[in-house]
């Protein structure tokens with residue numbers, strides 16, 4: 001299935017080249033830029049070409065080409081690299097048409113705003129383009145070349161622990177193999193939807209794995225197509241179950257690019273949003289997504305000692321438990337568009353026993369924000385229900401709640417009596433009590449609503 005999607009992506013990319021990135025030449029200044037390649041150049045290439053672009057707060061808007069000559073200070077702009085600072089290494093993945101990735105600048109700028117660091121961007125477009133199976137054959141050689149540079153940097157004062165690799169798709173496995181070459185002594189690796197095709201059944205030695213760095217995290221958003229479905233880090237964030245992201249409906253053909261790659265690239269965009277500090281994006285440990293949605297995993301007590309892991313740059317994703325967990329799956333919900341901030345609202349209902357199955361719609365409203373709609377099915381043999389929903393605002397900013405008895409399609413649905421409905425935000429914090437309404441009676445097609453008066 002994934003191979004079919006890769007072929008479709010290559011075909012559709014021909015139609016949407018402009019959407020893949022800015023292909024304009026670098027300005028007349030001496031700013032370095034990504035390589036671009038064509039099919040003819042790719043066929044004629046005799047060896048893999050890798051180059052490195054350096055960005056720091058001193059040259060945040062004008063990347064410099066970084067080579068081993070830089071380490072000998074034979075180039076004027078080499079003073080930008082500061083071995084006493086941490087170094088973020090960005091590694092892109094598969095490039096279908098040989099174009100530079102359009103997102104690199106945004107990610108680098110977000111990292112520099114957050115911390116005073118060196119940002120090294122690995123440009124291996126020449127080896128990452130066109131035939132995916134051949135690209136996979138190249139990834140270890142790319143990792144070897146990167147490791148040579150890292151080894152040189154350690155001789156000039158950098159430490160292995162100071163390196164944080166951020167790999168997108170196939171770039172996650174490149175980063176992982178660099179970590180393997182350094183026996184897991186790199187400081188951190190972040191895999192943004194690590195590639196799945198040709199890696200799902202691979203040995204841990206040949207893919208990203210928790211042994212590749214002191215701390216490895218991964219964000220999964222397309223595990224049923226381009227991304228890997230298994231946990232590969234100390235902690236693995238599965239956004240919206242790790243597949244079928246909100247706002248990436250496959251039924252729409254308005255954007256062919258979005259149709260093919262939207263889910264896969266959501267990990268990157270959510271990560272960048274987390275760096276921009278829009279809101280805390282925290283995950284809950286759970287055995288599965290359905291169990292999480294059913295409200296069975298509402299704390300982070302085990303194995304995180306009550307501190308939920310958070311996407312971003314906190315040390316070890318905010319995990320304070322020792323030893324670190326391994327391949328721990330955590331789940332979280334997001335909204336359909338940036339900044340993807342979602343507050344996890346636990347909805348608990350107690351219903352008087354029914355004669356027939358029933359269907360209701362629950363709507364949570366916050367002024368100035370999209371509504372949250374939940375469609376719930378109620379059964380004759382159950383009276384208590386729990387579910388988790390994503391809402392764009394915190395609990396204390398929910399202004400009203402509405403219930404609609406939507407009825408059955410092929411039979412007349414009777415009235416429904418709710419003993420109570422409670423909504424609360426998870427993880428629960430001190431001073432944030434649940435909002436509860438008792439003794440609710442709704443007839444078919446007659447909306448019921450309740451307004452909350454709150455001040456955050």
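From the backbone N, Cα and C atoms, a Cβ is placed for every residue, glycine too.
Not measured: the values here are computed from a predicted model.
Quick look at what Swiss-Prot lists:
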SIGNAL    1-21  signal peptide
CARBOHYD  35  N-linked glycosylation site
CARBOHYD  36  N-linked glycosylation site
CARBOHYD  72  N-linked glycosylation site
CARBOHYD  82  N-linked glycosylation site
ACT_SITE  169  active site, nucleophile
ACT_SITE  193  active site, charge relay system
DISULFID  248-262  disulfide bond
ACT_SITE  264  active site, charge relay system
CARBOHYD  276  N-linked glycosylation site
DISULFID  286-297  disulfide bond
DISULFID  300-308  disulfide bond
CARBOHYD  305  N-linked glycosylation site
CARBOHYD  350  N-linked glycosylation site
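Within 10 Å of the C-beta of residue 82 (N-linked glycosylation site) there are 16 other C-beta atoms, taking all protein chains into account. Put simply, of the recorded positions 36, 276, 300, 308, the one whose Cα is nearest the Cα of residue 262 (disulfide bond) is 276. Ranking the active-site residues 169, 193, 264 by Cα distance from residue 248 (disulfide bond) puts 264 first. Among the recorded positions listed (264, 276, 297), 264 has its Cα nearest to the Cα of residue 193 (active site, charge relay system). Residue 300 (disulfide bond) sits 9 Å from residue 286 (disulfide bond), taking the C-alpha atoms as the reference points. One residue stands out among the glycosylation sites 36, 305, 350 for having the most other Cβ atoms within 10 Å of its Cβ: 36. Look at residue 264 (active site, charge relay system): DSSP puts it in a helix. Taking Cβ-Cβ distances under 8 Å and a sequence gap of 6 or more within the same chain, the neighbours of residue 286 (disulfide bond) are 292, 296, 297, 329, 330, 331.
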